[in-house]
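What Swiss-Prot annotates here:
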ACT_SITE  82  active site, charge relay system
ACT_SITE  157  active site, charge relay system
ACT_SITE  181  active site, acyl-ester intermediate
């Protein structure tokens, strides 16, 4: 496995931008270095689609903009996109045989905005099929391997994104988070990742899984890098019905606030300029009970102790419905998935069976051949809970529970704490294939991330140590904020990363 030499030489996004501005390196050189590194690290299976001609054309355009003084804030920065975002030029498959060879006629808003800012895409990254999974083992194109230990999963569903960033193949990557799919792979691969408040980043052009839960978010080595990306990615999009418009910043009755795209930067500046003395960190007792591995607990506790040294105080809080987030999520998300994936029928686009009798057989065979086991499992669950006679008993009850989970968070933020911290995943990365006999065991790995997703809150993962038998599998600290508190979360993560070096560590080369 080979890291991009130029990328690691210059460091994060700000350092890369400075090097590009000073002509110490060109965008073409960075892009070619990244392409070479991606090829050398092909054993990780992080990339699904690479087109050097497209990448180098973007790099040449970035160099021209830099020379003309018209460059955007990310001009020449090498990134890559999760294969859940449609892209013009690169194929988009969502990790599924159903979309094998699909060519989108347009870019997703996230892709479009990053391109307008000058970022150079190295290609499309592997992911769990239709973003359904916690280990990136559900991709139709094979599992992604964790750069820290290639026997291990990278987390999912944005496993290719986390692996590419951890291996320093790219400066940053996009991901999607429905129930933890940015935070969990970020934690297991030792990088930083953030799920913004639901509605702050456009979902237009993001292949839908659970529409009331899906949210795009970036992954990068540091929180400062995340801020650079989030500043470009956020903002109202009239093409997305769930996109939030800017307003005066007053909270409504649910505690939500609608703000413009500059809110993260403003919150970051405000929080970053204040001492941490007196900051109340809520520590949910439910996050530190049975099921949490001792090595993960120790790393997270050490991170909390570091925040205490910076002046913050720990405050015990309770999120009593934490475990109930699992059944609530696995009713709501499959229900929405069964509706969203109904469009893949072999008629309009997607895989079509080669042999069939009538139209009904064509549709059923196309879906049976095109979808993998995990996707079929969730479609069946979703169809069942939405069926006549079960809708009230399951789906409506899950939605009521969702509201109660959100209220638990709001009570904690209103009366007890400023932010909430705890683990991202109950264990370090498992080995590939460990849960092959019980695929639903992966669902339990999301116990600390699902509640945040159901509530629509922002949360992030930052690397905070290592665990596992050989001590080389990363652990992530989850930082959860109130609605539209992305700036504060990023500022707190930055304060932590100023006094620790976990985010600067990269995996050593190893055979994949």
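Positions of Cβ are set from backbone N, Cα and C atoms, glycine also.
Recorded features from Swiss-Prot, shown on the structure.
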| residue | record | CB count, 10 Å |
| --- | --- | --- |
| 82 | active site, charge relay system | 33 |
| 157 | active site, charge relay system | 34 |
| 181 | active site, acyl-ester intermediate | 37 |
Can you grab the distance from residue 157 (active site, charge relay system) over to the residue listed as 'active site, acyl-ester intermediate'? Cα atoms, rounded to a whole Å.
5
Between residue 82 (active site, charge relay system) and residue 181 (active site, acyl-ester intermediate), what C-alpha distance do you get in Å?
11
